[in-house]
Amino acid sequence: MAQITAAMVAELREMTGLGMMECKKALVECEGDVKKAEELLRVKSGNKASKMAGRTAAEGVVTAYISDDKKLGAIIEVNCETDFVGKDETFVAFAKAAAKAVADHNPADIEALAACVTDSGETVEDVRKAAIAKLGENMTLRRFERYTTEGQLAAYLHGAKLGVLVDITGGDEQLGKDLAMHIAASKPKALDASGVDAELIETERRVAIERAKEAGKSGEMLDKIAEGTVNKFLKEVTLLSQVFVKAEDGKQTIEQLIKSKSASVNRFALIVVGEGIEKKVVDYAAEVAAAAKL
């Protein structure tokens, strides 16, 4: 039996990021061959990832990458199972590597992104599996956006739980930062009314009519009330119509702001971690009772 030294274990830990005992066990199994042990752990990490694939991953981070010239950028949501792991440096590094890969390779979808090569020379999927093996939680690449522009890009991240990427023409760097922060705070659904989902508008209209009927309104009054309600709704949910969060007079809209800067907003992406994911509610007391057969 080959002698397993502390230096060999340390080397394998550096290569894989895994725990001491896991690395030592792999070295014993591979008779001290560090390279074979690394390959073995990569296989095992892949198997571990497969076993965890069905577990809900609703926590995580949003992170962004923007090139130095601010012409290329990406924003991505990467999920894990717990907020604790979402703050771990290994998980955060995985998310950042994925964002950079989106910018570098312009993948068509999540499957294509997984096959992209990161700056470390590993694929995004390999980095994911290694992180799962180290941290013991399911991790998923959920969604991303990639922008290229002739103008400039700006990003804003709020506690890694919400992120914005905005594409503007004209203005300066501060304007980009202000717009990104405003979008994060006000959460517009679209740039202007033309981008708001028609079904969402119709829902607002129907609700307004039903409320008006309950209030005793009828005839033409119903249509007027519905129109007024929808117009108010559109002003609240479209970026250009929203009042700028930093407006000194409390009235200046985003449209007025960018006009004063001879600028325009081309598009934006807003991502909130876990939005739309159904989280499993765990009754820990019941689980403990079941385990103890109480």
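Every residue gets a Cβ built from N, Cα and C, even glycine.
Under the heading domain 'Translation elongation factor EFTs/EF1B dimerisation', TrEMBL lists 73-275.
Looking just at the region 'Involved in Mg(2+) ion dislocation from EF-Tu' (82-85), the mean pLDDT is 93. Annotation comment: TrEMBL describes 82-85 as region 'Involved in Mg(2+) ion dislocation from EF-Tu'.
Residue counts for the region 'Involved in Mg(2+) ion dislocation from EF-Tu' (82-85) by DSSP state, with H, G and I taken as helix and E and B as strand, are 3 helix, 0 strand, 1 coil.
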